[in-house]
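Trainee: So TrEMBL says this about it:
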BINDING   75  pyridoxal 5'-phosphate binding site
BINDING   97, 98, 105, 313  substrate binding site
BINDING   271, 397, 462  tRNA binding site
MOD_RES   284  N6-(pyridoxal phosphate)lysine
């Protein structure tokens, strides 16, 4: 209620009680005022009551919620189901206009304000996480792969004669398909093996640039967050190469916001060389439903150019989800999650290493990968489908996210055949199991994973008749 209505309320209820209510209301409004003034993630998280008050205030600014609205157009924010309306807090118009996802909608001042605030708060979080010189970003209602495609299509207008994208290999289908969908020819650069780690082959990248000609290359498409034993690309060196040859550089930072190492690489790459855009997923970094990504960069004009390439209006759901989440957590809450993730990475590493030793295996040495771990499965390689069976056993025992990687698997994607698919290499020397310490993981997750993995490995030992390595009877078993 406004001040006038509070005064009128004093005729009905004791004035002292009304003043208390008014003061409580001002507390909520003060938090909202600071958000509107600064456009930054609040240091401390908001209560649900404050968030709902804020969203309701935004919703009443949209034309579909006007009390006397008379809609005679084809898109009037009509919703048949009240459940759907509640799910979206009655913010129905989405974001942007038909020609620009960042434009203000005359019919939807509240939704437009939501969009602008979300982008501003997310940019603040990117800086908090380590990319301090990021100039601009926007939330797009597409997952990482299609968001990368949007970046490539934008670069087409700047480099109309280019047809190739140089891509240090990472075995993730959407990364490869993002380039093919945009109409370009990926040039796959095989990684080099250094110890257990798969690293960027800088010499091969340089040779390809010399061979193809820099003017024929749309961009270099590098990766930060990835499954071990592959590690983040050598971003600083690649950024220097791109700057030297005037080649754009797009970074797939899918789940890298949660890693200070990945964000530092992006920051340093932009400082010493060239990075045009970096793309990251909302669900992997902020624990929201799948369906959104953040496209960010160091040149505000280029980021705006990408946003204008998006055709039509867009769903506001990803923006709404991430804004609610960040207002709930606050900057301090998000920093705490990042710190806990890093601590649990060390814990998961120790537990996997101890378990591996009991079965004559080892935790692969991948110190440059800050999120993902890999445990060798060499002893299962000689037993037919034992490795695949291990993956199935884990899944049926509700261990999600862990994946097993066999040697010699071939996979054809859009006409290109990858040998040793899923291992990021044509001839990685070991089969292995992956596990990751991602944001939101708990000690209980680690403990249950280790118990169930131990139980599965013990069962496979019995089935294959391999008793050379047995589980320590004192090791905690799954209940």
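Cβ from N, Cα, C; glycine included.
Automatic prediction, not curation, is the source of TrEMBL annotations.
Situate these features within the shown structure.
Mentor: Its Cβ placed at the centre, residue 75 (pyridoxal 5'-phosphate binding site) has 13 other Cβ atoms within 10 Å.
Its Cβ placed at the centre, residue 284 (N6-(pyridoxal phosphate)lysine) has 22 other Cβ atoms within 10 Å.
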Trainee: What is the nearest of the recorded positions 75, 271, 284, 462 to residue 313 (substrate binding site), using the Cα of each?
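Mentor: Comparing Cα positions, the candidate nearest residue 313 (substrate binding site) turns out to be 75.
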Trainee: Distance check, please: Cα of residue 462 (tRNA binding site) against Cα of residue 75 (pyridoxal 5'-phosphate binding site), rounded to an integer number of angstrom.
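Mentor: With the alpha carbons as reference points, the distance is 64 Å.
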Trainee: Between the Cα atoms of residue 271 (tRNA binding site) and residue 75 (pyridoxal 5'-phosphate binding site), find the distance and write it as a whole number of Å.
Mentor: 45
Trainee: For the substrate site (97, 98, 105, 313), what does the 8 A shell look like? I mean other same-chain residues with CB within 8 A of the CB centroid.
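Mentor: Close Cβ neighbours, site residues excluded: 94, 95, 96, 99, 100, 103, 312.
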Trainee: In sequence order, which same-chain residues at least six apart have a C-beta under 8 angstroms from residue 105 (substrate binding site)?
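Mentor: Within the chain, residue 105 (substrate binding site) has Cβ neighbours under 8 Å at 93, 95, 96, 97, 111, 112, 313.
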Trainee: I need the CA-to-CA distance for residue 75 (pyridoxal 5'-phosphate binding site) versus residue 98 (substrate binding site), whole Å please.
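Mentor: Spelling it out, the Cα of residue 75 (pyridoxal 5'-phosphate binding site) and the Cα of residue 98 (substrate binding site) are 12 Å apart.
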